[in-house]
Amino acid sequence: MLPAEKNTCVIHTDKCKDHITPLCLSSEPETSEADDHEDDDNEETEVRPESLSPEELEKLKEAMDERKKLIQSLRGKPWPMKQKLDTLRESQEFVEKHEGALGKGRGRKLYAYKVMMTKKWMKFQRDFENFKTACIPWEMKIKEIESHFGSSVASYFIFLRWMYGINMILFGLTFGLVMVPEALMGKSYGSIPRKTVPRAEEASAMDFAVLWDFGGYAQYSVLFYGYYNNQRAIGWLKFRMPLSYFLVGVGTVAYSYMVVIRTMARNANESGIGDDNSFNFSWKMFTSWDYLIGNPETADNKFASITTSFKEAILEEQESLKDDNIHLTRFLRVLANFLVLCCLAGSGYLIYFVVRRSQKFTLDGLENHTWWERNEVNMVMSLLGMFCPMLFDVISTLENYHPRVALQWQLGRIFALFLGNLYTFIIALMDEINIKREEENIVKFNITMWEASLYNGTLMENSTAPPFTIHPADVPRGPCWETMVGQEFVRLIISDTMMTYITLLIGDFLRAVLVRFLNNCWCWDLEAGFPSYSEFDVSGNVLGLIFNQGMIWMGAFYAPCLPALNVLRLHVSMYLQCWAVMCCNVPQERVFKASGSNNFYMAMLLVILFLSTLPAIYTIVTIPPSFDCGPFSGKKRMFDVIHETLESDFPVWFSKVFSYASNPGLVLPFILLMALAIYYLQSTAKSYKEANVELKKKVQMVTCNEI
């Protein structure tokens, strides 16, 4: 046997076989095959880096790098599984055995340090990815729902979580830049009339019925527009409250536009990658199971998810091969659309009727009417939003659409219903704003006469008397139409939320309890027949979220508390609806796969965002603010705060540049240029998409010819 000091370890790499073999060379001649085998075993167990020359050490480093690359790329090798496992085991043993040799001696500590830090960095990245996944809110709940009810139901909860994140940002902006500065640095309650409950309302300002309608002390608080002072700078920080209020209102809308459009673009990019229709069943059969699952509950959820995905794929295939009577189908679809239009027209007329009726009740005095008459508008809109989608669902059975197409039609009809109801409400609200402005003119005249008579009487009695002071609660004030608009939207949000939760408890929970416990003693099978367990209404819940968010965007300028209320509503809805869908609902009879992206939801959200900002922009630009409430009181228009800031706080040249940039002669060509650029990019994207489709067809044809 040769001594170990005379042996050197040289690494040879077989490039053709992707297999690396360490060979130990001896300076002495070979004696026998048995001795060589014994020498190799001893050298594999002990490697001495002191005996390695620089060239041999460099070869060892190259072999280590190639082994590591082989371990990383081993999964993609077209080898049998046994060969992969053997190669992986040999490579890992080689790396572990020779890594220590590279970490000793002069000039090798740095390499060992790099290897150690690389391992630690890879482990940190892996742990950080696991941490990010664990930090995603409600991820496991949504995965569990998706495994039992399919991707269509899970898409609603993903959309709800996304809306929750958006509203958290909106809440942070309004709370941190509007409500908190006014509460901490503004004038305190009772210091001025707009921050004080009138003397006639003090007796009932703390009654539950008054606070439930957001009157009394709730009305004269930071929750609504009228509480904020028009003082240009407040506190020791000289915080510009009117400017901050205006910029936050504009910034929340701009941020919402940016996030929605960015999400739509990202979803479009993700949906355009890959082909989801080639060899669909083969992919599901051989690649669906996750072999890293070690939890029995997770395995059950994965099994349910695979079963649901097969149902979705089978339904997709059946719908693609369906052949129906086209003439009968067209007639039924026309009839269904006619019935839907009748429902939409009737709901719009009903809302306009009750709004006009409520205006008469307001003129007569709400205290003289019942609770239903005071809240008739909100209740009618909530009831229409609850029962009309059910009627649309019954009508949609005539059309015989694919489930995904039927869902989109259902969403479009409910969208038209909610939009018509909302704009009917806005039009009636504009009439009420005009009535308030007429009252405001009368109040301004009366206040002028009252102040003149008050001061004239004081001077006639004693010209040397101290100034006459009046408590803020006794000062007459205007109607403040901005606070009235904010109160209407807050009441509408509260009534819609309560109606949603009551419907959930009665329509789902009590129904499930009756079916579960009365099924054994009833005349027929309650589970298979009427009433049975309810299915989760994806379309109604999605449209409820979208229009609830539209009302937030529309009314947040006049009620800064709306984003906070919506955050609370979405938080409670996530837990309550997750519990209800798992305990009270059953999977749909026709389980279908949701679209590859949520762009249909996002498109409706973008439309309602645009339509929700129109009334707010109209009131900001055209209607003068109230003269004695809000941060813009005393100005002709609300946006005059921008001109005031430019004139007072910026150089003259900057205000001139801003005025030139806002000139319609420059703005209109810029908008036209943007429209042309968007059209060009859309046409280019369409041509690229068609080219990709043609290339896919050619690749499939070449593959079929080779087979």
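A Cβ is built for glycine as well, from the same backbone N, Cα and C atoms used for every other residue.
Keep in mind that this is a model prediction, so the values were computed, not measured.
Of the listed segments 202-221, 242-261, TrEMBL assigns transmembrane segment to 242-261. Checking TrEMBL for transmembrane segment across the ranges 376-398, 560-582 points to 376-398. Counting same-chain residues at least six beyond the ends of the transmembrane segment (376-398), those with a Cβ under 8 angstroms from any Cβ of the stretch are 332-333, 335-336, 339-340, 343, 347, 350-351, 354-355, 357-358, 406, 409-410, 413-414, 417-418, 421, 425, 491-492, 495-496, 499, 503, 537, 539-540, 543-544, 547.
Confidence across the domain 'TMC' (480-595), taken as the mean pLDDT and rounded to a whole number, stands at 83. Long-range Cβ contacts of the transmembrane segment (538-559) within its own chain (Cβ-Cβ under 8 Å, at least 6 residues beyond either end) map to 152-153, 155-156, 159-160, 163, 166-167, 170, 174, 223-225, 249, 252-253, 256, 385, 389, 393, 407, 410-411, 414-415, 418-419, 422, 426, 482-483, 485-490, 492-493, 496-497, 500, 566, 569, 577, 601, 604-605, 608-609, 611-613, 615-616, 620. DSSP assignment over the domain 'TMC' (480-595) gives 78 helix, 4 strand, 34 coil. Sequence-distant contacts of the transmembrane segment (657-681) (same chain, at least 6 residues past either end, Cβ-Cβ under 8 Å): 646. Using a cut-off of 8 Å between Cβ atoms, the transmembrane segment (600-621) and the transmembrane segment (242-261) share at least three residue pairs, counting only pairs 6 or more apart in sequence. Sequence-distant contacts of the transmembrane segment (242-261), counting only residues of its own chain at least 6 positions beyond either end whose CB sits under 8 Å from a CB of the stretch, comprise 166, 169-170, 173-174, 177-178, 181, 228, 230, 232, 553, 556-557, 563, 602, 605-606, 609, 613, 616, 631-632, 638-639, 641-642, 645.
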